[in-house]
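Undergrad: Features from TrEMBL:
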- 19-38: DNA-binding region (DNA_BIND)
- SER90, THR91, ASN92, GLN114, LYS184: biotin binding site (BINDING)
- 67-257: domain 'BPL/LPL catalytic' (DOMAIN)
Amino acid sequence: MKYEVLHLLKENSETFLSGQLISEKLGVSRTSIWKYIKSLKEEGYMIDSSSKKGYRLIVSPDALTFEEIKKYLNTKYIGKKIIHFESINSTNDKAKELAEQGADDGTIIISEEQVGGKGRLGRLWCSPKYKGIWLSIILRPNINPMKAPEITQIAAAAMIESLKEFDINAKVKWPNDIIIEGKKVCGILTEMSGELNRVNYVIVGIGINANLDKGDFSKDLLDKATSLKIEINSNVDRKALVGTLLNKFEYLYKEFQEKGKIGFSIKICKDNSAVIGKNIKIIKNTDESYAKALDLDEGGGLIVQYEDGSVEKLISGEVSIRGLNKYI
Ligand code: BT5
């Protein structure tokens with residue numbers, strides 16, 4: 001009911017709505033309305049209240065709640081449920097917990113801050129409060145578990161396409177980084193629970209450095225990480241970016257669900273690749289080798305050619321790559 005009150009206020013933000021009118025429209029007492037307004041104010045909504053005129057919404061908070069994101073969404077099921085936290089350990093871990101409890105396909109976990117944000121292989125992901133977009137998507141695809149890593153390429157493609165809508169050109173550093181001018185602005189962590197030939201669920205974690213300032217990064221991250229704000233010199237609308245990302249993701253994911261293919265996503269990742277055609281260093285556990293990145297195959301594997309001429313397909317999840325001089 002609280003959000004029905006909010007909805008009315010949003011629809012009528014030009015004028016005051018009297019408590020009487022809201023109470024008649026929603027069929028609840030004026031005391032309850034007063035309580036809902038108080039609770040909305042606690043959530044960060046700035047609401048002008050006047051005993052004579054009633055209530056008027058002045059400013060909505062910059063919060064990544066379903067209420068704030070829904071106007072940007074045109075998806076069928078991704079993001080129809082958004083579970084929002086002020087602070088959490090890791091949205092991927094929370095998503096796993098909820099997926100185990102039966103959360104629906106397409107449920108989103110989003111947090112304003114992560115205190116234990118994760119990268120791949122147990123690495124840490126810096127996730128300061130209100131500055132970025134830290135979210136996880138719960139998916140329940142009917143696929144062979146071997147194909148789960150392909151979802152990382154779908155997320156990367158959705159990210160590239162979304163940033164284009166904000167006039168930002170970024171590139172994919174295979175397999176899971178989005179970079180601008182050689183620095184990482186977004187990372188993707190896809191995790192799966194399954195059996196030999198069946199997937200229980202997949203969690204796609206996406207971390208976007210939206211409005212971080214240089215001071216939000218630790219010293220060792222500064223030369224390899226950046227934010228959208230740093231690159232374009234202005235804040236990005238986090239709510240609109242989440243909505244756009246989920247719309248693009250659902251569209252690209254549909255091909256995977258219906259045909260088991262990711263052709264559209266691969267094309268986007270190839271056209272915007274930071275590595276294809278470049279000489280790279282390949283890091284597998286502690287081994288390092290040098291090769292030239294040639295192409296992406298239809299499953300999102302990176303085809304590389306070593307100095308001795310031999311060609312190999314790298315599967316995401318196993319390896320990291322670097323440019324020869326800097327991060328890429
Ligand atoms: C990744 O791992 O890039 C995957 C990051 C996924 C983060 C999201 S946020 C929502 C969801 N919930 C989670 O707990 N995680 C996901 P990897 O390729 O292993 O890169 C990790 C490395 O990136 C670290 O070792 C740092 O060097 C660097 N790094 C850490 N925080 C960063 C940041 N905010 N921006 C750029 N680079 C960062």
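Here the Cβ of each residue, glycine as well, is placed from N, Cα and C on the backbone.
Tell me about the surroundings of these features in the structure.
TA: This prediction places the mean pLDDT of the DNA-binding region (19-38) at 92.
In the structure as shown, the Cβ atom of THR91 (biotin binding site) sits within 10 Å of 27 other Cβ atoms.
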Undergrad: Per DSSP, what is the helix/strand/coil residue tally across the DNA-binding region (19-38)?
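TA: Across the DNA-binding region (19-38), DSSP assigns the residues as follows: 17 helix, 0 strand, 3 coil.
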Undergrad: Would you say which of the binding-site residues SER90, GLN114 has the most Cβ atoms within 10 Å of its own Cβ?
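TA: For the binding-site residues SER90, GLN114, the Cβ with the most other Cβ atoms within 10 Å is GLN114.
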Undergrad: Roughly how wide, in whole Å, is the group SER90, THR91, ASN92, GLN114, LYS184 that binds biotin, by largest Cα to Cα distance?
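TA: Result: 20 Å between the two most distant Cα atoms.
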Undergrad: If we count other C-beta atoms within 10 Å, could you say which of the binding-site residues ASN92, LYS184 has the fewest?
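TA: Ranked by other Cβ atoms within 10 Å, the binding-site residues ASN92, LYS184 bottom out at LYS184.
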Undergrad: For GLN114 (biotin binding site), what is the secondary structure by DSSP, using just helix, strand and coil?
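TA: The three-state answer is strand.
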